[in-house]
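Input: a single structure, listed below in structure tokens.
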Amino acid sequence: MSKRKRVVLSLKDKINIIESLKKGETALDPFPNYGTQKVYPVADTRTGTDGAGDSTALDMGSRSSLHSGLHMSEDEHWEMNYHEAAIYLEEGLNNEKFDSHPSSPEELPAYLRVHNPWYHGLDLLASLVLILLAFTEDPAVPAFMLPVWAHGTIEILALAVIGIELHLKLKWIGWSTILKHKRTMMKGITLLIMLLEAVVVLCRQSSHFRVTRALRPIFLVDTRHCGGVRRFIRQILQSLPPILDMLGLLMFFVATYSLLGYYLFSDHIDNGHFKTISDSFVSMFVLLTTANFPDVMMPSYAKSKWYAVFFILYIITVLYVLMNLMLAVVYEAFTRIEREKCRALLLHRRCATRHAFRLLVSRRAPDVVRLRHFSGLMRHYAPHISGLDVYLMFKQLNQSGSGGLSRSEFAGLYEVFALRWGAQASRAPWYSSSPLEPIGRMAATAVRWPYFEYLIYALIVGNGLAMLIRVCQAAGDLQSSAKLLCASWDTWLFLTLFLIEAGIRMMASGLRNYVESGWNVFDLSVTLLALMGAVMLTIAPTLFIVVMFRPLRLMRLYKLKKRYRDVFGTLVLLSPLMSSAGCVMLVMYYFFAIIGMELFAGKDLKNCCQDTTVKDFYIYSENSSTALGYYYLNNFENLITSGVTLFELTVVNNWFILMNAYASVVGQFSRIYFMVFYLFTMVVLTIVVASVLEAFRFRIQYKRSTTKRDEEKLLHEEVHTSWEEAQRLGATGELAEELRPYLPPGVSVTFIGSRPRTKEVLQRRMYQSDIHRWLAEEDDNEDRVPSTTVTSSEDPLAPPLIRDGGQRQLQPGYQL
């Protein structure tokens, strides 16, 4: 269904109008020509309808605080009300605190500039440039090295962009509010320190010990595009108390066993693991990861077989009991936090709709929002959706059929906004009015054939058997073997059949419906990749990496088993969270890589660690090297090498070898770096595992409690309407012109709204009883707040003044 874009003011025009209003000019006269952009017409200036048929002077129940003290016409007042209401809704959508809401005309231009999508992109670009500068700064990746003046200048420019954003933010939230925003305050302090350091580097023309570079990800995490990363970090911080409790218990057992091991083995067993208390603690800490087992036990075991009991009890206690208990505690905390996060977001958005509702009601209809004002709100909140979508959202919200949205109905705005509408007639087959109708019908008949899916699965199995036969066949060299596997005649045959299958499905359902299925997209993608791989392998026989594409089609077989479908469904639900977790891991790697480069860059590990247990791993000769002698490559010479080294430490296999090497070359205190990194990775990965468990449990419970019919009702909404009803609800002017092509007079039309199958949507189904309780508790708390309402006599358009129990007048634009 085609959509017409409604025309709105650009950001520059809005700011110019606000600036002119502050100078005492009218809003519309100074800017008569906006090119193709103009204000979407509202109504006549003083008379018109309020959306319900009452042709009286328009009035408003509450006036926006963004135009207090400005001379404006009533329609201009309404436009500012719509604008502030849209800002409230955006703050609710983005989970932003309302204490940073702009409350005066002076604050609005800065707010609009900072919340402009172009500036969000510029902020993201500047943050990424700061991150990538680590590749060019000493110690740099040789291919990317830049002179000091170059990377220093780039750093100052990037910091200046971030500083401008912070300055604009400060202009509207003020110093008193910024002190309450810990993230913004931390960002400002970090920005100041880095700016001073960059100036020092440029003046000295050389880099110094700059461990503060590790804090650069703060700017990236604070950007608008990394909201998911911030939420994941917040979940980590909220999960820290139980984790720290369990870590304290874990370290107690590690310390206790370290003390016992020192007294048991330090005197009569010369193995280097328990010579001192510190050696004993390091050995037992490493044993927590099992990286040095059974090496740490064998000298004692050789002395007496009974000493094995010590190590076995230790591993059972700390690894199999306490570590799993930590996972259970974190899982419980994560589940509770997930539910609380759902509750907080729900109530925050409900509060945002209440703020917006107050600005959209009129004095003649103080309890409902009319279509006219709802359309004005959407003009600012979602300017690029069609008038038909605006009307259908209003109609879906107005379940009472009263013609106006009550406060409880208006609170469902966020749910309805996720719907994508289409006429019911458009759900007919795409080929119903196409010259390709015969082909489409034949394709649809083929797809509906009961044995069609079995035939496709038989082809997939045949493809797998053909690959197995090709692998078993002898080939002269790797090139011939690869070509036999992925570019032989059977490859072309099966790929052709798979392309025919994709074409049949596409003709049967239409391109749009075809790509809405994740499995269809997967099948077509891997088929095209396998086809591309066969062509490339024919042209370049040494391009062995393409041999992985043909076997990927076998993954479709996993769809046959319900357990695998649950796993894939969980992965889909987890994909946003996993993306955020991956970004957090990269941020953590960057943080520790910078610190590692500052501490250990330039330290040569070749032939190091003499008279230690790890010397064999660092033996180096220019002519030859042993199989164990490549560990000197695990260093911190640049950002890429540091990242690889940290990933090896994350795997924890032989990680103590690297730690002992740097302890020998740098000093014993360097062990703290590696131990802290292990603890950080353990915390993050434990929370990732807990999130996977919670998502899998959530999906299983959802599948058990929801039928296909219930899910269909959850994801789709129906709206029945007509042209006459639209006029009765107040659709006039340009909105009526947009509705006319879709609503023929005298005919009832049905529209279907579809919402995406996201975890947030499914949570509203799973937490349905909890949501009713949360909303009831919120209503009870609101009813207990004592307040009296008086009428302002200073301005006939001013909102009612709400006084709290202490008779303190609340600022307009903030009261509910």
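Each Cβ is built from the backbone N, Cα and C atoms, and glycine gets one as well.
Look at TrEMBL and you will find 137-340, 449-696 tagged as domain 'Ion transport'. Look at TrEMBL and you will find 778-816 tagged as region 'Disordered'. What TrEMBL records for 118-136, 148-168, 189-207, 246-265, 277-294, 306-331, 528-549, 570-592, 672-696 is transmembrane segment.
Packing against the transmembrane segment (118-136) from elsewhere in the chain are residues 144-146, 150-151, 154-155, 157-159, 161-162, 165, 213, 216-217, 219-220, 222-225, 590, 593-594, 638-640: each is 6 or more residues past its ends and has a CB under 8 Å from a CB in it.
In this chain, the transmembrane segment (306-331) touches the transmembrane segment (672-696); three or more CB pairs sit within less than 8 A of each other, excluding pairs fewer than 6 residues apart. Long-range contacts of the transmembrane segment (306-331) within its own chain (CB-CB distance under 8 A, at least 6 residues past either end) are made by residues 239, 242-243, 245-247, 249-250, 253-254, 257, 260-261, 264-265, 284, 287-288, 290, 293-294, 296-297, 300, 686-687, 689-690, 693-694. Averaged over the domain 'Ion transport' (137-340), the predicted model has a pLDDT of 85.
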